[in-house]
Amino acid sequence: MAGAIIENMSTRKLCIVGGILLVLQVIAFLVGGLIAPSPTTAVPYMSVKCIDVRKNHHKTKWLMPWGPNHCKKLKDFDEAVSRQIEANDIVFAVHIPLPSKEMSPWFQFMLFIMQLDIAFKMDNDLKENAEITLDVSLAYRDNMLDDWEEIAHAIEIRKLKCTFGSPKTVESEGRHYDCDFLPFMEIGSVAHKYYLINIRLPVNDRKGINVGIGEIKDIRLVGIHQNGGFTKVWFAMKTFLTPSILIIMVWYWRRITLMTRAPVLLEKVIFALGISMTFINIPVEWFSIGFDWTWMLLFGDIRQGIFYAMLLSFWIIFCGEHMMDQNERNRLSGYWKQVGPIAVGSFCLFIFDMCERGVQLKNPFYSIWTTEVGTELAMAFIIVAGICLCLYFLFLCFMVFQVFRNISGKQSSLPAMSKARRLHYEGLIFRFKFLMLITLACAAMTVIFFIVSQVTEGHWKWGDITIQVNSAFFTGIYGMWNLYVFALMFLYAPSHKNYGEDQSNGDLGVNSGEELQLTTTITHVDGPTEVYKLARKEAQE
């Protein structure tokens, strides 16, 4: 009777905790959907063609497209031909941001893509597999009267992928090619108010530089940066969630250290998962408001990679520790086949990120996709990581199937137990299935919201209420995985409650009053838990 009362109280507590977590999850989505603006903003820029007829162009002066010290401009290239101005003396200038505006550290990053307006001309056709060479420079200043300070200068090559929808005849001259966007630049911080980009297209007939690239009419850039309003909401969530996860981590580990035994593998993995979640949560981004930390994008990728690697490892170990018939438990080495693909895949993605964003710390114009070798290397890393991910999910699905099969088999032994102990084991099985369903729901919600955010226009409008779908995706999914880790540590913290002496368990060989845990795999100081003993006994029979 006492066991039934305890089990009912436990189930009631589980329902209350689940309800609270569901409310918090809804709040996380609403914060992004109703309070935060769209995560990013795209701003189009049209370059201005400036004339620079001096030698050693770049070392002497920066060319401004507008303002009191603006450059001498060209309307089009026909004017350049009539004035006998060579291509090497033309500079495409872009000022960031647009007139009467300022950039802000709250924008966090800047990503630029380039689009070329290339016209067809019979005597200057675009060659197949043509490559364009860009002599690009980036500078900054924080006052309209200050001199420009150089950030980076590089000579980059981009492959042109263009199509022409009309026959290449005299009648089609002047029509534009349809060209793909080109990766141009990425900076991991926006520490200054004004930026200036100067682009030159050096021509050298002898070396074949910028020969056969068609007649370039204009260069357009699209700048993408994070919205300041979204950044503030994001920082606020991180600041709130960091102490929340830290408190539950301290409570969880304290409950473990109070036990008379050493922590078991599953407890260690859950704690490690909490550490990786805290690593993501710590709002070090606040420092990016006052410091020019261009490595924040790379650092964010590394933090997310560590968390997802730990999450995938936890799922494998969680299932493995509930396979009650296996002989090797509570040892990380027993999972090397399943954890190995996670390690290999994570390492491949880390190398790929270092080859891309790592190099961009020195050269923001660099892109690994712009060369044959770089593209093949990047694809190799991505393919290997994809294969490892497929192997991992095959292992995971197989282990989940085995766990549910074992649990179903063990349920046939429950009727022989006392009522209190039977209710206890039924509760353990229920909680395992409950957590598995929550895990599947979290993974499904992540995929569904990602797809919805990609196929919608970015916001839904219901009457006077506008819901930012993309912002809701980011805040909701981020809050969801925090709540998932919180629930894990709360539900799988060791219990210090004992059952009474009236339970009949002599047939199981279990001492009366033995300490009971939520998880079926916790190893007691005197040996395995009751569920594992039951499973082993049945397996031997």
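For all residues, glycine too, the Cβ spot is worked out from N, Cα and C.
Caution: TrEMBL annotation is automatic and unverified by curators.
Per TrEMBL, the stretch carrying the note transmembrane segment among 5-24, 265-284 is 265-284.
Between the transmembrane segment (233-253) and the transmembrane segment (472-493) there are 3 or more Cβ pairs closer than 8 Å, counting only residues 6 or more apart in sequence, so the two stretches are in contact.
Contact counts against the transmembrane segment (379-407), taken as Cβ pairs under 8 Å, peak for 339-359 among the stretches 296-318, 339-359, 472-493.
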